[in-house]
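Structure first, then comments.
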């Protein structure tokens, strides 16, 4: 004490806060200066002093001391504003769900972090002696993060799965939480409690395994004699702190020279003074000894270990450094799991650096070196692949910035930037060892409707036949509003017959039904227009012509409108290369004959028919059914597998020789009654029960047939089937197929059967096995309806004879098609018949004379003569009359004769220009249904449109050879004569007036805001246009019912066409907030359905942005229910840096799990190094040195990876502890060839050095390869079976050891503890060690020579090589087989 008092006068008073790190430094310096005993005396004084001061201070914590930071209000408000803006962008379809989540989390995380940083200065300025402030930085209780939750904001929490909840808790614990915030907080708090329990046990288990691996590693010798070392270069940009941490306490493996002068000798331990000399002198690469370089097998020497971390001298002999290493790595995990108040992982791939403009100016860079992209927040940016030089110039200053590769440029070229504006974002450096994981995020539909998208999609490879599509580029997915049929509460009663059929008002069947499954291949739709049957007219049905949609079955690629003429005759005339087919309507004949199926003529909208396309089809009433069922067709054969019962089974469309011969190919229809009910409706019958005819199934449905009831519950609906027929309980000897049903032909019976002949089958039957739950199975036997398709259909009865003659290059042939797939269930709706087979007329033409023609042009022609209207089909064998040309100046019709374009709108730049040549237009007149004789100008070519008014353009008529001049009349607005936007589109099937679904004029008046109800039919002149600019009539009667009462319609009633800002085409999707006119309303998002002169009707839709790589669940046009999965995003997310989350990472690295990236990287490196070194040095040497380098590389990567996890939490663990663990993981090799049958067996794990020494002793090469063991496997593969048995799998280990006759030499600690022997560690250990021969007495020359020989031996035959041999042995004597085995392994 006197000495301390005497020296105190000379010391400077040091007024500084001492935290844990500073205390460590102080204690280590005290030990260096005064020794251990004196230091402990001083620390006792410091402890006493601390307790005295704390008692005198008497800090107590009250609720008034929790002061909320003043700037919190506007910070939270600002974050809320950003979140609202983000939500708006998401609604507009500008950012997708993952970008929104990511940005939202970063906004709130940044706000929370800023508040946390503000907390300390705020306390320091307002209340420096605040107990909360003093205690939060004392390290005694609580930390900044917890105090921040008391006075800042609670922030973001994790859900039970560890994912972030993007709704932050804005309150702090002082203000109190709202109910929602409390619920969210409970998630995180509960997760914290559970994590603490689970992860604490994990950490304990990790420590146990670590200690188990290295418990036998003890310092047993002073020097192992190795001359190997790891080089550390000072020039490679290491920071001083990391260099000092790496070097201090190590031992040099070689002399260090500065020029010719030796500044440090081999085997000298490195202190702080020596490190400073190395740094100042910029010495050559320094070689140090590490546990990796030690020559020993199961122990370590003093010089390879270095200084002891406890007292700073070389480690003592007998010190159990293995156990210290295991506990050093395991202990931080155990301690740090108690940090329950973690904020969880944040969605950052490392915080990105921002480059800011130093002053105001204009920015310039080379646009060719960048390409546009999206940032991870969905903002537009440019990505540069190589170094980009950016120049910022103001009036008199030039500033150059070099942007590194893979960075985002956030401004445009030649843009004016302000000072401190962010101009670029540099990607955070992500090494191969950063912990990232791929996360799938499913986006669910929050509304129901029809799904559309605006790009091509690919099928995901594993779902080629499913409905999962992969997006190749960024697109919008649209959910078009409208419920699935009348299961919605609608005021107007509708009937839903088959898929996408006509909706008839006041129809006979107004039952509520669901739509049956859509079976569509190419996701396109074709239309046909039809006149209603006289039957409907007599019954008082609505008599207007309505459109009808039928799904195509994969043979067509266009949207077809077709015209159906009931009971009409076809008259065909031909002139040269044209077909003209006239339609005659025979009124008299219609009265006499019952209505029969007519021939439907199909012509695509654009009028182009390709080779082998279907021109017309005929539905034969013989193949028509009114009930649901299943069709089966294909070759019939006797099943050869079930010989016992001789059953006939359907064999698909395989080309097999049928044993059961038939004259014509039959197909079978198995009828069944099907009811599709809503999921919530009560069912009054049980599954697998038997009911009679007219049994009540639900409250308002009765069965039409009797039989077996089968109920299948699907998502949101119930499918109820009734099978008519017999039930048969088979005996034990009967074998019934477990798979699909079996068709049995008539006149077959069981062999050796004692049944009478009357029980033999007279008709085909369909046998199906049914297995109820917990009951014996039984068999349903149903009758089958057989249809035979005769070859000799009299074509003359269907089509006029002269139509079928092959003449004038055009051919028509008749083909039969099945409309339903084999074995596919057919869902029929009541009062609607199902067509099974369709007879089609296929169009073809001779290729010889018109070799280049791949498509013909078909059109309907109306000829009016003597007040009689005749319809003709004309087929022209000419090429498509459209030629396309791109022009960046504007959009307009460009006549080929070169007249000037006029009035081109400036906003139409870079649009597609479509030119019309002089003789390729056709003028036709269309008569309206009300025979008012209005005529329209129609161009007979698709995709022909013009924007803006235009003057005097000529269109030539092919038929009349005269040109029609259109002149602009100043009295008539141009848009009235030329369509809504001054376009001249093709108009197909135009009606002068059309109604919405309802006939109620008052309702229309209410919704369309018309002044006079009488003007309704005159006012509603609707156009309907697809994306090609073709206008046809609107089709409100699709499978989605657009009901005005469900607010699916939106009418912006404004004269917006005066100053149109954007081009509107019908069928176009418009995002919300897009301005379509200067003074017009901001419209909702949706699809333009109907365009009127001064208003348009939009079907509301919801956009979802999807980026490339996302998968869409569903077909184009499919109905999506609320809650269905819409799209799945896959994105990379940095795993949380929290230690409780970090522990599994450490464990994965130490266990060398295959799920982690490390083993993959290391395996690639093994191969890479081997190939490179083999290429340089030849086969044997290259392979050996390559293996040596690979193992060294794996050492470094494992150490760095584990260190990174702990350093991220501010935990410092010395490298040598981790090195000892990693050394044990990599110390085993796998014998790969039976080269030494007497010693090792193939596949055996042996120590590396043991294999080397055995090879040297026997002078024979051993073939083996390096393996990475996990800590658990390493624990179970030690030299001591007692140690292994006390770890885990005790019975197995002891049994194996007994069978092999293993001997335990009791070298480690654990086996001695188990058996109660003396532990071979500690200070008394020195007496037990027999000193090996000392190297110190060898003369210097011999020592140098032996060192040189050792170096050569280490280079050529390092102790971790794959072949062990000696220098004395001639290398070429080694058998070639060993090398062959090496290559194979």
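A Cβ is built for glycine as well, from the same backbone N, Cα and C atoms used for every other residue.
Of the residues proposed, 262, 294, the one Swiss-Prot records at the same Zn(2+) site as 224, 301, 304 is 294.
Cβ environment of residue 301 (Zn(2+) binding site): 219, 220, 221, 222, 223, 224, 294, 295 lie under 8 Å away, each six or more residues apart in the same chain. The Cβ of residue 304 (Zn(2+) binding site) lies under 8 Å from the Cβ of 224, 226, 251, 289, 290, 291, 293, 294, each of these being in the same chain and 6 or more residues away along the sequence. Working note on the binding-site residues 224, 294: by count of other C-beta atoms within 10 Å of each C-beta, 294 ranks first. In three-state terms derived from DSSP, residue 301 (Zn(2+) binding site) belongs to an extended strand segment. The record gives 224, 294, 301, 304 for Zn(2+). Within 8 Å of the mean position of their Cβ atoms, the other Cβ atoms in that chain belong to 221, 223, 226, 289, 291, 293, 295, 296, 300, 302, 303, 305.
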